[in-house]
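What follows is a short report on a single structure.
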Amino acid sequence: MGLWDIDKIPYVGREKGPQEGLAFHYYDADKVVAGKKMKDWLRFGVAWWHTFDQQLVDPFGTGTAQRPWYGKYSDPEDEALAKVDYAFEFFQKLGVEYFCFHDRDIAPEGDTLRETDKNLDKVVDKIEENMKSTGIKLLWNTSSLFTNPRFVSGASTSPFADIYAYAGGQLKHSLEIAKRLGAENYVFWGGREGYENLWNTQMKREQEHMAKFFHMCHDYAKEIGLDAQFLIEPKAKEPTMFQYDFDAATAINFLRTYDLMDVFKLNLEGNHANLAGHTYQHEIRTAREAGVLGSLDANQGDKLIGWDMDEFPTDLYETSTVMWEVLAEGQIGPHGGLNFDAKPRRTSFTAEDLFRSHIAGMDSFAAGLLVAAKMHEDKVIENLQAERYSSFDSGIGATVENGTASLASLEEYALDIPQSKLIEATKSDHLESVKATINNYMIDALAEA
């Protein structure tokens, strides 16, 4: 059995009933869908922090998690090293080829940055050994510039220069680790890069400091030969009242303002989209059309609760819309994947639940891929959209698109059109039928799986 009292998770399809929770019903890693293997479309990654560090605490109670390494180690460094073995066996039994981590997820902090880096390097040594022996790769790493109390007012936006300097030193070593481990991406999530109250905040100054920080990071990455794609992860709020990377559109505006569009793409999360008042599909479409889709965090929120819940994704409608966008793009960014930034519920506390929850998420996205592939094969959305905007393919509409129209030419065209003709020019969306069509594709595609 190994360190986990569970066998490698098999693909069973319809061989077992729908209640079998320790097998894949839709995720068949090597199955070719829309010209690529499932595993290559989805590129699943496991999040170290939720999977191996999360104790399932909530604001009203202590942790309920039961993990096989609990109670075995009195020294945090020994436990950190042991968790590397548990992690890589978990990845292999789940059949996942990527993982992600924050620097402070994998090793305990010391009193100084020098001590902390030393602790970190010991664990990185062991991670590197396991990566070489298993072939498992680092989708992305990042630096935790929000958990320690020193970051109470931010890191790159902190009003305290000593904290800014510490953040820079911490980030420098994190980039060196990315280089060493061959990270395909590097993520910046500004958990406390925002404000609690505008009265004591110089917002422009803080954002300028953050932009300078990002440019320093890019300069150092070039210096050491790190070619990982830099990613910003937008989030509207939590833990701050307002974060500067509120949503995809806000982050894109920041990148354009500070000459960073050629450096960064976006890492988008479903639950974060909800916190900004958007759907996951909206955020992905916004990034795609700006050319900055980088990677995805796979989770969902509860639509009735305005919190960052980090639930495992089980909403097939949402996974289908996400994968429709991914297939339209051709990939999840240049080097992106689907990282499960998700944790089991507090009542799902056994070690086995870590497998069950990841299986649920992986199957949900595999099912979404099958639905999206069928929709793209039939060009149902492409044809619908082409018909809706067809008036811009010729006549006055074509002059708008080719740039020859002017207000004068539009006026001349419209002056004598009666209202009856204008109303006649509009067409019904048949929106309810469109929504029903999506449902029908979900049912039909999964029935054929």
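Note: Cβ is positioned from N, Cα and C throughout, glycine not excepted.
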Hey, Swiss-Prot has Mg(2+) 1 bound by E233, D297, D341. Any idea which of E206, E269, E377 it lists too?
E269
With DSSP assignments reduced to helix, strand and coil, which class does D341 (Mg(2+) 1 binding site) get?
coil
Where D297 (Mg(2+) 1 binding site) falls in three-state DSSP terms:
strand
Within 10 Å of the Cβ of H102 (active site), how many other Cβ atoms are there?
20
Would you mind ranking the binding-site residues E233, D297 by how many other Cβ atoms sit within 10 Å of each Cβ and giving me the lowest?
E233
List the other residues in this chain whose Cβ sits within 8 Å of the Cβ centroid of the Mg(2+) 2 site residues E269, H272, D308, D310, in sequence order.
K235, G270, N271, N274, L275, D297, N299, G301, M309, D341
